[in-house]
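Q: This is the structure, below, for whatever I ask next.
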Amino acid sequence: MTLLLEFREKLKNFYAEYSLFLQPLLKFLLAMVIFKGINWYLPFVKPLDNIFVLLVMALICSILPLNTIVLFGCILIIGQCYGVGIEVAGFALCLFLIMIILYIRFTPGDAIVLLLTPLAFRLGIPCAVPIGFGLTRSPASAVSAGFGVIVYYFLDLVHNSAEVLEGTDPEQMAENLKLLLDGLAGNQHMMMEIIAFVTVLLAVNVIRRLSVSHAWQIAICTGGIVYIVILVAGGLIIDVRTPVIPMIAGTVGAVLISLILEFFLFNVDYSRTEYLQYEDDDYYYYVKAVPKRSISQRQVVVKTIREDVHADAAGEPQQTPVQQPGPVPQETIAFTGLIREEEKAQQAPVSESSTYAEKPDKEVDFQEKLEESLKDL
């Protein structure tokens, strides 16, 4: 567990340090995957599948918001549908206009949900979208998830009915429009998937907000169970064949992916939960504090010790010889002697003055001398 926590911290620090470069790179890769997936489903206009066209579109998307990928993806789908028939392209244009208007109205910031939903269906793990975004987004993300389901089934419809939809006669074009409309509105399996997506996303979002221990893990498991129950029960009620084993395997994979997401986004230690109580003049506050599980990174310090020891040819250490001081030039000796004589000359007056200061002259008493001379007379 310690190694996983260290890896998580290193990964978070790495992303925080290089996010300026990683975000455009990730958007570029996502755009390339989305565009290649669209061209794989709808390979009707070869110039749109040119690698240089896709690279230019992906590079533009890498420096612009995620909604640019949604816009270019819709344009690419409409262009590929035009290779089938102009009525198919017109139907796709009307469908995307309605979806974009509703998308901008309700969830303008959930482009990633709309993009990943068809990709998750293609990978066989559709349940990962409602569970993952139920943990990280608001309930309004159910609108974007529902639009993603519609886009996937529309691509699947055009892919499977391309031969039938080809035709330029006016009567054939009217039949094609009716086929497309019935293929979406009458697709009970698509309706069942939309209901499952919305229900799972709302259930996961509600449960993960509860003040209970292991709320995220309970929400993930509940979301997987609800998804399986809705699809199985819906298949029995409306008589729609649903491959049970691939569905269960995909749901288990989605649950595992969601648990990995929970490890990186909401890894807490419930064993150290604390319950706190506060009060003020108007209210009592009961707080449940759950500490995050984290670990400090190991600081590796490399200390280099260098020794001034040289090895001889036999491999034994040999001390570096100490250089002996050479002879002092005569000019230096003479100059040093002059300096010393000057120092002695400067110190001599100072010493005499100090001697005179210590032994001052004795004062002469003139009155005493005068009395002695008068006695002699």
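Glycine is no exception: its Cβ is also placed from the backbone N, Cα and C atoms.
Please treat TrEMBL annotations as automatic predictions, because they have not gone through curation.
Quick paste of what TrEMBL says about this protein:
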- 358-377: compositional bias 'Basic and acidic residues' (COMPBIAS)
- 342-377: region 'Disordered' (REGION)
- 20-39: transmembrane segment (TRANSMEM)
- 51-78: transmembrane segment (TRANSMEM)
- 84-104: transmembrane segment (TRANSMEM)
- 111-133: transmembrane segment (TRANSMEM)
- 189-207: transmembrane segment (TRANSMEM)
- 219-238: transmembrane segment (TRANSMEM)
- 244-266: transmembrane segment (TRANSMEM)
Q: By a Cβ-Cβ criterion of under 8 Å, what residues six or more beyond either terminus of the transmembrane segment (111-133) are in contact with it?
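A: Hits for the transmembrane segment (111-133): 30, 33-34, 37, 65-67, 69-70, 73, 103, 141-142, 144-145, 147-149, 151-152, 155, 193, 196-198, 200-201, 204, 219-220, 223-224, 227, 246, 249-251, 253-255, 257-258, 261.
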Q: When you scan the chain for residues with a C-beta under 8 Å from the transmembrane segment (219-238), skipping those not six or more beyond its ends, what do you find?
A: 127, 130-131, 134-135, 188, 192-193, 195-196, 199-201, 203-205, 207-208, 244, 247-248, 251-252, 254-255, 258-259, 262
Q: Please indicate, using numbers and ranges, the residues of the same chain that are 6 or more beyond the transmembrane segment (84-104) and have a C-beta under 8 Å from a C-beta there.
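A: Tertiary neighbours of the transmembrane segment (84-104) are 42, 44, 70, 74, 77-78, 110, 114, 143-144, 147, 150-151, 154, 158, 162, 165-168, 173, 176-177, 180-181, 184.
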